[in-house]
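These come from Swiss-Prot:
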BINDING   63, 100, 222  divalent metal cation 1 binding site
BINDING   64, 218, 222  divalent metal cation 2 binding site
């Protein structure tokens with residue numbers, strides 16, 4: 001399959017031009033023109049790149065790429081990562097905020113699906129765009145039950161509940177990854193915020209605003225989008241796909 005055809009589809013399908021993002025979304029590193037195997041991962045770490053080589057991947061699609069705001073020098077770690085990609089001819093495609101926000105395969109829509117919820121409205125303003133969503137149960141549910149469901153569908157060791165608000169919740173706000181910035185907005189619009197991880201200061205903000213938070217793992221909540229995107233590309237282009245699981249424990 002032609003690389004440029006895949007890239008063109010991804011750029012349009014993910015609407016990457018609509019999101020101001022520190023990440024340089026799109027094809028970050030150009031490799032082989034012919035793509036037969038695509039690897040998917042959360043992070044373009046050196047270890048992930050080396051694993052992509054083992055799978056003979058022609059393209060690596062990630063949520064977190066290697067270019068954030070630009071490259072000042074090609075030395076050290078960035079040089080090592082680029083060298084492995086270029087020597088192997090692996091195309092690197094990164095999609096950050098557009099994959100969080102995508103209405104079909106996005107991390108946050110997929111996170112709601114774990115609870116059998118649909119996205120009712122955009123949520124979580126970040127750099128001028130909404131990257132999360134709010135879903136709503138027909139009837140309020142016990143907060144511990146929601147945490148239990150997430151622990152059954154994501155690695156249980158990542159799921160942590162911070163119960164500062166209602167014990168019965170109906171409106172659920174989701175922002176995958178580091179969603180602590182959305183706590184204040186959640187206090188006004190939802191009964192519960194589900195995110196990946198929160199900081200020490202985020203904890204105090206949630207405590208003071210009396211809004212409950214479930215942190216289900218930064219890494220774990222951001223595997224959802226790349227896995228969903230993997231299915232789309234496999235069906236559309238008939239390429240071989242592989243997900244490289246390289247958890248951080250965070």
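Glycine is no exception: its Cβ is also placed from the backbone N, Cα and C atoms.
Listed in sequence order, the residues of the same chain lying 6 or more apart from residue 222 (divalent metal cation 1 binding site) and placing their CB within less than 8 Å of its CB are 42, 63, 64, 107, 176, 177, 196. Listed in chain order, the extra residues whose Cβ falls within 8 Å of the Cβ center of the divalent metal cation 1 site residues 63, 100, 222 are 42, 64, 96, 99, 107, 176, 177, 221, 225, 226. When the alpha carbons of residue 100 (divalent metal cation 1 binding site) and residue 218 (divalent metal cation 2 binding site) are compared, the span between them is 12 angstrom. If you take the C-beta of residue 218 (divalent metal cation 2 binding site) and look for same-chain residues 6 or more apart in sequence within under 8 angstroms, you find 177, 178, 196, 197, 248, 250. Each of the binding-site residues 63, 64 was ranked by the number of other C-beta atoms within 10 Å, and first place falls to 63.
Excluding 64, 218, 222 themselves, the residues of that chain whose CB lies within 8 A of the CB mean position for the divalent metal cation 2 site are, in sequence, 42, 43, 63, 176, 177, 178, 196, 219, 221. Residue 100 (divalent metal cation 1 binding site) is surrounded by 30 other CB atoms, counting those within 10 A of its CB over all protein chains shown.
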